[in-house]
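According to TrEMBL, the protein carries these features:
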{"type": "COMPBIAS", "residues": "142-157", "note": "compositional bias 'Gly residues'"}
{"type": "COMPBIAS", "residues": "419-431", "note": "compositional bias 'Acidic residues'"}
{"type": "DOMAIN", "residues": "11-133", "note": "domain 'Thioredoxin'"}
{"type": "DOMAIN", "residues": "154-271", "note": "domain 'Thioredoxin'"}
{"type": "REGION", "residues": "140-160", "note": "region 'Disordered'"}
{"type": "REGION", "residues": "399-431", "note": "region 'Disordered'"}
{"type": "SIGNAL", "residues": "1-19", "note": "signal peptide"}
Amino acid sequence: MRSFILGVLGCSLVLSAQAFYSASDDVVELNTSNFNKEVLQSDSLWLIEFYAPWCGHCQSLTADWKKAATTLKGIVKVGAVDADQHKSLGSQFGVKGFPTIKVFGANKNKPEDYQGGRTSQAIVDGAMKSLNSLVKDRLSGKSGGSGYKQSGGGGAGSKQDVVELTDDNFDKMVLQGEEVWLVEFFAPWCGHCKNLEPEWTAAASAVMEQTKGKVRLGAMDATVHQAVSGRYGIRGFPTIKIFRKGEEPEDYQGGRTRGDIIARALDLFSDHAPPPELLEILSEDTLTKTCVDSQLCVIGVLPHILDTGAAGRNGYLEVMTKMAEKYKKKSWGWLWTEAGTQLELEAALGIGGFGYPAMAAINSRKMKFALLRGSFSEAGIHEFLRELSVGRGSTATLGNGSMPKVHTVAPWDGKDGQLPEEDDYDLSDVDLDDDDDFLSKIEL
């Protein structure tokens, strides 16, 4: 009987996880098998939700997403990807939390993040705005395509996401540069090379954007540039090698889809990237730049220096630094401030007056934030950020829906705090036995 009940519960869980969208809905279910043909090779505008079946926010979005898809039917394509099952698609397009909505317009290799509301009306309005923009671009002759010509006709340099490498530029760009390189050695007549070309091009665009140029993808015609290809013993095509400055190259062992290539490139990026800098909030620019440039900014509000001393404060900063290192793949921003220094910020986050140290994570694009409810420790912060990164955290609107005012302050000098000096009183001419005269004779 117990086995039967567990079986029924298991089936129920599976059904609930798969019940987001069905064939009768106007939402197109996308996966690794049909994504390329349905989306990347399509001329249509697509709105695509990347979700996870266990994500509460995703479940809440389902009804509005279906309604929006029905409203936009025949005008804008609306799709959904189970990114928990099809992880390579999520990785390919930089999906770090759920649900993530992206707009696939003119350049399908570089979709835009959807920034609108999550009601069906807001989604429809956002789709129509993107559609109008796409139409205007087409009228003006703009194109979002990207690519490289394996015949050698493509231009080299920063204007292309795939860098055309030659015997002349290879050493300077690849061996002497600071970037990590994935280099494809190809032959123009090679069928497998031709099949790889669109995957390599798409991956190059995504990797360039997500690593901010720290990992590059290049391509070399090994039949023309034989000095370099001979140096590395290239015998078959395509051959892909990984180059890091000062290290021996290694053979690329991963898959040949864009998702596989992007995932490996991001691993290389995170392995060699330093952790994000933990910055003290000294001005409005510090807060604005860090939070706007990052998908999420994590802010620690630490006790006053008189309450902890330098050693105590450095202990808290060390915890935050370790968490920044642990989550560096996320490319989040990390900030801290002293309690009572930025009162408007604390008020906007619902922090203030007690409970220090405290921590909040802000999504400036959505003007939402979440508060650390557990301990200010590596374990407590890890649990807090892990929940947020998979869409499970509880969030609230930031203050009045805009970034709070921040005051310009002097940086911490790294030292223990000192109490302010008290004024000295001259009591030499005070007759302590004369209480009535005592206060009047104090010289301030």
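Our numbering is plain: 1 for the first residue shown, then up by one each step along the chain.
From the backbone N, Cα and C atoms, a Cβ is placed for every residue, glycine too.
Residue counts for the domain 'Thioredoxin' (11-133) under DSSP, helix first, then strand, then coil, are 50 helix, 22 strand, 51 coil. Residues belonging to the domain 'Thioredoxin' (11-133) score a mean pLDDT of 87 in the model. The helix, strand and coil residue counts that DSSP assigns across the domain 'Thioredoxin' (154-271) are 46 helix, 25 strand, 47 coil.
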